[in-house]
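> Reproduced below are the annotations present in TrEMBL:
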COMPBIAS  244-268  compositional bias 'Basic and acidic residues'
COMPBIAS  592-603  compositional bias 'Basic and acidic residues'
COMPBIAS  609-619  compositional bias 'Gly residues'
REGION    242-268  region 'Disordered'
REGION    585-619  region 'Disordered'
TRANSMEM  6-31  transmembrane segment
TRANSMEM  38-59  transmembrane segment
TRANSMEM  95-119  transmembrane segment
TRANSMEM  140-162  transmembrane segment
TRANSMEM  190-217  transmembrane segment
TRANSMEM  312-333  transmembrane segment
TRANSMEM  376-406  transmembrane segment
TRANSMEM  418-442  transmembrane segment
TRANSMEM  508-533  transmembrane segment
Amino acid sequence: MPLIQTSLIWVTYAVCLGILALVAAIFVYSYQKPGERTIVVTLVAVFTVFSLLATLLLLPVDIALTSSTTDRTLGAKKEWATPNAVDDIVYQLKIVYYALYSLDAVLCLLVVPFTYFWYEERDDVAAEEGTQTVAGRLWGAFKYTIAFILLCVILFLVGFFIPVAKKARDDHKDLDFFKDLLTQNHGERALTFSIGILITIGTVLYCLYTAPGLALLPLALIKTAPRISAPQLHATTASQLAQNRERQRQLELRNEGRESGLEGRDRRELESLVREERTLVRRERLASEREGTGRNFFVRAGMKLEALFRPITLLAGLFILLISITVFASMLITMIDKLKNSVCGISCGYLLAHTRIFQPLNYILTLTSRIFPIDYILFLLLTLLFFASSVVGIATIGIRFLWITLFSIRPGKTTPNAMLMATVLLTLMALALNYSLAMIAAPQYATFGSQTFCDRPSHHPDQQPNCTEHHSRIRACSERAENPVAIMVCTPSVGSTFLNRIMVNFPFLGVFNFFAQFAFLGIFLIVFVVMLFRVPQLDEAAEDDDDREAEEEGLLASTGRRFGATWQDLTGQAKGVKRAQDYGAMGQGGEAADRGTADHGEEAPVGSTEGGAGRDSNW
């Protein structure tokens, strides 16, 4: 029975890995620019995203395996859960955890930077001339990667020789749970220090990108449904462009053979039509992009799915908004609880596993952990929500150095070097998210799951008390339990132990990461309040210049027939596009044509009903 149960838990994780691999591949493939896609960059990016997601989703497996050793209805270890059996489970989890954390660190600090420099070293002209070889390109990439190798060595050496937090050890040497976190193994300490530094760096990025993304994602779904279909936009623009060119032809024919050239009135109208033609050509190109012309299969499929589910987008946005607010409230409650009731306060990074204040997210996950894999599904959805929020944050803000935008992350338009840079940022944010979910969002669930113990005295040191007739004495496992039976029964998860070990052995990292969560909540609240009164412009980063952004937003924001647009996006057919009966009549004296450009210089305003393009449009 125990073998079957543990095997099913690992099989569930294997199935989840398959889903995560698909998510990583779709994400990378959808965001890459088709014309610049390379095999090496694609494989590295997909594998890195897959690795970080696999690390995040190992925690529910950890909780399920450690909780399976305890009978929660009796508060006692199961008969098969001997100390050796429990140690075997913990040892297996340690191997997987250390392998995944080490893999994430190597990918983030060595493999991705090397791939980045490998791509930057590419010179197509030199390759065609034969002056650039593969060996030369490898050496060029390796030279720049040496700095990252030195960084890894420095981190490992500092972690190897840095002393244990003696104050924390002396102040709490009587607390067995706390004492077990103070490692004396130099190799393990070096690994925990290196991962702790990466978590701290990732926490800064987590606050700057994930917090705004978590606020933007639901509000974007609620507020930014397109109001005109892409086929309708394309057909209407094509019709107006044909009318414009027909009017230009009429003017040229009417003045053909005149020695003095065009009359002043016709010249002004023709100049206005030429400017208007440029605007319409751009609109037609934008409409083609909205239809998915020239985009890869996944982007086009995503557009179709978006159109199909557009009527329920509002409900989805409201649901995600409810989850985001619940996560915000849960994290805030935990922060307050840790400040008031932490075992050791600032000396160990405000360690607290058993919450004393009711916390909704922690309660839901702990309750559902009794029936595996319900909690696993919920944790998977929560993880994907935070991952999607991180992607939205990066796509909205861009990869910046202060106010300078270095790279833009856009679906179907992300260059390979930008994709690799985004992959590094996502890896660091995933490590910070691992800390936030386990230590802040649901600390009790992440530490002990649904484990309980019988809070009665034991007659013998190795004998568990019996609570068969004393169910009221069954308590949830806690790191502060005074009864020594709790140590015998309760097995903390390996993941929470690893993270707590980082914060206890290096309290300065624990304090920084703890108080950074307040910054996360503050940024989330600011962005959320601002976006309640301002429509999110998530598509602005997808355009090449401000004029093109303004044009696209204007074209999409000037009609109210959303459900008709949804049907036309699905069918790919436009309806109700009319042709002007007398296009030439609008140019009397050139005043109407000039109105479209009077206030905007070279081109007519987006979505304007004035000027040549505005007569018969559905805008």
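Cβ from N, Cα, C; glycine included.
Could you place the listed features in the three-dimensional structure?
Tertiary proximity for the transmembrane segment (190-217) is limited to same-chain residues at least six positions away from its ends with a CB under 8 Å from its CB atoms, namely 98, 101-102, 104-105, 108, 152, 155-160, 162, 183, 320, 324, 327, 385-386, 388-394, 396-397, 425, 427-436, 498, 501-503, 505-506, 509, 512-513, 516, 519-521, 523-525, 527-528, 531, 536, 538.
Non-local neighbours of the transmembrane segment (418-442) in the same chain are 28, 31-32, 41, 44-45, 48-49, 51-53, 55-56, 59, 104, 107-108, 112-113, 115-116, 119, 195, 198-199, 201-203, 205-206, 209-210, 327, 330-331, 334-335, 359, 361-362, 365-366, 379, 382-383, 386-387, 390-391, 394, 399, 406-409, 495-496, 499-500, 503, 513, 517, 520; each lies 6+ residues outside the stretch with a CB under 8 Å from one of its CB atoms.
Outside the transmembrane segment (508-533) by six or more residues, the chain places 196-197, 199-200, 203-204, 206-208, 210-212, 214-216, 219, 223, 324, 328, 331-332, 335, 338, 346, 348-351, 432, 435-436, 440, 502 with a CB less than 8 A from a CB of the stretch.
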> Spell out yes or no: are there three or more C-beta pairs under 8 angstroms between the transmembrane segment (376-406) and the transmembrane segment (38-59), with each pair 6 or more apart in sequence?
yes
> Which residues of the same chain, at least 6 past either end of the transmembrane segment (38-59), have a Cβ under 8 Å from a Cβ in it?
13, 16-17, 20-21, 23-25, 27-29, 32, 93, 96-97, 100-101, 103-104, 107-108, 111-112, 115, 118-119, 379-380, 383, 387, 416, 419-420, 423, 426-427, 430-431, 433-434, 437-438, 446, 493, 495
> Are there residues at least six beyond either end of the transmembrane segment (312-333) with Cβ under 8 Å to its Cβ atoms? List them, or say none.
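Answer is 214-215, 217-223, 225, 306, 355, 357-362, 382, 385, 436, 440-442, 517, 520-521, 524-525, 528.
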